[in-house]
Amino acid sequence: MPMLIQKSEVEYQTISSTQSHLAEEQSERLHRCISKEQLEKLHEAFLNAPERQVGIDDLRVMLEDLDITFNDSMYTRLFLKINQNRDFRVDWNEFVSYLIFGFQEEDPSSQKESLILPISVPPMVRKSEHRSAICCLALLKAKSDQVPIEEVTETVNFSFGGEDSPEASGMWVTASHEGMMRFWTSHMEPIRTASSESIHLNYAFYNNGKVHSKLILGDYAGNVRILSYSPHLRGPFQAKPGAALIEVVWSDVLKGKIPQFVPKEYISLHNEMISCVYFSLHMNALFASAEYRNTKKYRGRCPGMIMVTYDERSNFRIPLGVSTFFVAESHNIVVTGGPDTFVRIWDVYIPTEPSAILTGHNGGIVLVFVQPEENKVYSVDYQKIIKVWDLQEHTLLQTYGDLVRLIHHSETDLTYYYHSHLRELVVAGRKLISIKCCPRVRVDLTDGNTHAAPVSVVLYNRLFRNIVTCGLDSYIIVWDPWTGRRKIIMKSCHTKMIYGEIIDIEITAACFDPLEQFLLTGARDGSLKIWNYNNAVVVRNMSIMPDQEVTSVIWVVDRILAMGWDRQVTEFNDVVGREYGDPKKWPKFHTDDITCADVKLGEGVVTATYSGEIIFWKLETGQPYRRYSVMDPTRFIELKLTAEEEKSLRRSKRLASRPTHTGIHGLQMSRAGRSTVTNRPEDNRDYGANIPISVQAVLFLQTRPQTLKHGSVFISLDTGYIQVYSHHQRGGYMMEFLAVHKTGDCVLTMCTDRKNRFLYTGTAFGYVKIWYIVNFCVPASEKTHVCMPKLRLEFIFLRKELFLTRAKRAIRNQPEPLLVSSYKGHLKAINSIAFINLPKIVFTGSHDYSCRLWTQGGRYLGTLGTVLPWSKLTPFERAGDDSQTYRMPPDIKKVASSTTLKVISGLQAERMVKRQEGKVTEDRDEDTAQTEDVTELKRLLDSPIKEPILGKHFELPGRTVLDQHIELDTSQSYIAVYTHLKVHSTEMLERLPTPAVIGKVQAENYLHHYVPVEGKVDISGSSLNIKQPTRRRSGKTHDPRNIRTAKARLDIGMGLSSSHASQQ
């Protein structure tokens, strides 16, 4: 009895958002305000309590003794959050668990967990267009990857599309052994081809002239040399007049004969060949690595990598040495990989021991790189396997093996390059393969995704004031709609094992318990789970029938109802002590799969099928009392099972009681074989077995009474119409209305507000429509006056326009219900829609992987999971401001109609009204306006059009008068067509003489005009040895071109000698 008294005190309405709240939100999270001393006192109070449990009043007294007070509504909500056992008694474990959950929700690391794998986009493969395999791959950029510390900006995970420009992303350069170079765009589109016979180096300049560029050289003997120079005017690499090639001797650089270079040497830094070098601008340190494969010589105590800072050296000792490494300067870490197949993570200031060792590769590591903003490490081994690791938790996230399929097994000498700006890994060999690694979100194309698959169900929890989304990716995600943060993500919620592999099952239905403390989900394989979604714990597992999809779930007091492709309602107990008993099966009156269902609390349940059947049930007894068909809704259909149905029912019960094999059982219960369960004579198929119209959604209006004149049930059909029924025993079909404006569209989901004033619908084409249903299907005595000016202020859709739009034309002859808003919210179908009463927010879950929030007027608030800043929202104030200009979703902006643009943006284009002399156009009546329009058209169209009608254009030449007839020779087995063609003999064209000036220019060589200038370059004492190009000599001295060339050289020499004489 005390338990019943406490339970009656906590009413269902205490979690409703209709309660009066304070102007500012009063926090219900104790972890923010409770101290350590207060927590110890509470622990003592729980220990002294009887059975170490306290009730709702006792806990409030304990908190008030510690000066922690709440108002009545807030404390009731707090108690329901703490009481996870639903026994209205709280122990110490429940209280501490609630505090821990509060800290977990505020953990920023939960925001970084990705919904999809790091490498989820198929790779882009192109032919290299080289005759041999690519041996070198480089990136030609206008800006270096390293920037000074003062210029480092915060890294964001989205882009506005400008990263594709050559200035930002650069160009790819590939080279092969035959001396061919090819230039590619950032998207691997060929630009040009060049050939070279010299050795190429890859170097970059710092754009900031204050920072000196460094050229780092590592040789076979283990020496590292650094050349530092100023990048101003390209430093020592600028072109010299008259010099085709400049050779620099290293000994002269060390002696300082070239002032542009500042050399520095590290002799015998390693005992083996240098494999990789890197200079960190932020840490002012040099990193150099080498491989030590001779284990007998070095015995594993070799400095695989050495970091040099000024004159200090730090040795990172790694067995077999280091083949490649990556320095993440923002995290002060370095990741190494070598022939020992291990990936090591080091702190640059602790070289004695690695922070973590990542194992899993079966071959030597050839490439490692880090994404600091994503906290991910990528490693590639010799066997072309890519592994992705979490940088903080040091766990394996993904193993990517598509390179083994794309590249031949004999091709092992590959070249890798990671583009940090585009986040692409390019693999070059005989093919060019581009792999996107955690690509940034293009906010110019999309606002991001909520799930990794279509969103199936969206719900609003009034107790915790958060949004729960379920998707076909088997994810359950809890969102805070007021900040846009993701609180909890639960992956692989429904699974099954097939041939030893665990497969995720799509979530198709979900709902909350009456007090909204737990979540019930149904999956495509017929499984049901009850979740304590605050800690991602499964409380209970259930199932309706194997391999039969659950399409709808209902949770009322002490009972759970589930229905789906098994064509009947299954009832589970929700009473303590009887929850694990056998479920109760309601009578099987449906002849096809159940697609949707809804409940009217305390009165009844309505279910609808794929064939258009509708059955009303008593909620208390589970007995049907009315049956309809949407094709003929006014016809009375008797609720009676035929002899064949009864016989089939008895047979199915006998088969269910026998132990059967899994394969045969799954075959019998599959949807493909559903016709075997409903075999009936042809004359008995009257209830919609062959009806093409299916029911997509049903909705009970909770505030309307069960009378004959109140339309309380809305039935959505796939034809685009919504039928209205009365769920009274002597009620039935009342009327229907068209709910779409496009052919082929239909309403897939519906919901209403708390007082059933507005009907919110989501269609298969992605449209959101709002209907005003206060005076729709109610007695005349209950109809109220509609204040249209007030509705026009809230819904811009109702304001008049110059032309009647398509959404309004579709319902111009439909007086009720009143369409108050219509706009395109998604590119794909809307699978679920819900409404938050107090802030007036509509949120929709779509097949395009997103869940979007809208104001009731149609303004776009945001997409859950977006990378953009979130709008300021509160659960106690109405969302939206008429003075604010709202943005549009990028994907909708490209396809939006004028109505969608007006509704989402909240702006209406000014009507251009033509004024005439002495009167205003708006005041004209309809007849006068029609007469003037006809007069204007006559004035434009009655006058003859002036020639030429098409204007001046090119005229085709006329056809020849003579008709050329060709007689074909058909005497042979085939017709020699070419023998009948008239072929004219070619004539030699007269070649015009080449002017003497052009001939002279063709014979010249630009190198003949450049000779060393005395006074600027000292050939004898300088370290720069300028090689003059050898002049070509020809044996044909009588050639006039050679005579002209020799004469030109003589003239140039005389001019130079005279100029020197004048200078002296």
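All residue numbers here begin at 1 and follow the chain in the order shown.
Here the Cβ of each residue, glycine as well, is placed from N, Cα and C on the backbone.
Annotated in Swiss-Prot:
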- 1022-1044: region 'Disordered' (REGION)
- 150-194: repeat 'WD 1' (REPEAT)
- 317-356: repeat 'WD 2' (REPEAT)
- 360-399: repeat 'WD 3' (REPEAT)
- 450-489: repeat 'WD 4' (REPEAT)
- 502-541: repeat 'WD 5' (REPEAT)
- 589-629: repeat 'WD 6' (REPEAT)
- 742-781: repeat 'WD 7' (REPEAT)
- 825-864: repeat 'WD 8' (REPEAT)
Counting by DSSP secondary structure, give me helix, strand and coil numbers for the repeat 'WD 4' (450-489).
0 helix, 23 strand, 17 coil
Within the same chain, where does the repeat 'WD 7' (742-781) have neighbours whose Cβ lies under 8 angstroms from its own Cβ atoms, ignoring anything closer than 6 residues to its ends? I mean 6 or more beyond.
16, 18, 696-697, 699, 701-704, 709-711, 714, 716-720, 722, 724, 734-735, 791, 795, 806-807, 816-835, 837, 842, 844, 846, 848, 854, 856, 858
What else in the chain is close to the repeat 'WD 5' (502-541), if you only count residues 6 or more beyond its ends and a Cβ gap under 8 Å?
10, 12, 15, 80-81, 83-84, 86, 97, 101, 453, 456-457, 459, 461-464, 468, 470-476, 478, 488, 490, 492-496, 547-557, 560, 562, 564-566, 572, 574, 579
Same-chain residues near the repeat 'WD 4' (450-489), Cβ under 8 Å, at least 6 residues beyond its ends
15-17, 77, 80-81, 104-105, 110-111, 113, 115-116, 495, 504-512, 515-517, 519, 521, 523, 531, 533-534, 536, 828, 831-836, 841, 843-851, 853, 862-866, 870-871, 873-875
For the repeat 'WD 8' (825-864), distant same-chain residues with Cβ under 8 A (at least six beyond the ends):
17-18, 21, 447-460, 467, 469, 471, 477, 479, 481, 484, 486, 748-754, 758, 760-768, 770, 794-797, 870-871, 873-880, 886-889, 891-892, 895, 903-906
Please give the average pLDDT for the repeat 'WD 4' (450-489) in this predicted model.
92
By DSSP, how many residues in the repeat 'WD 7' (742-781) are helix, how many strand, and how many coil?
2 helix, 18 strand, 20 coil
Take the repeat 'WD 3' (360-399) and count its residues per DSSP category (helix H/G/I, strand E/B, coil), listing them in that order.
0 helix, 22 strand, 18 coil
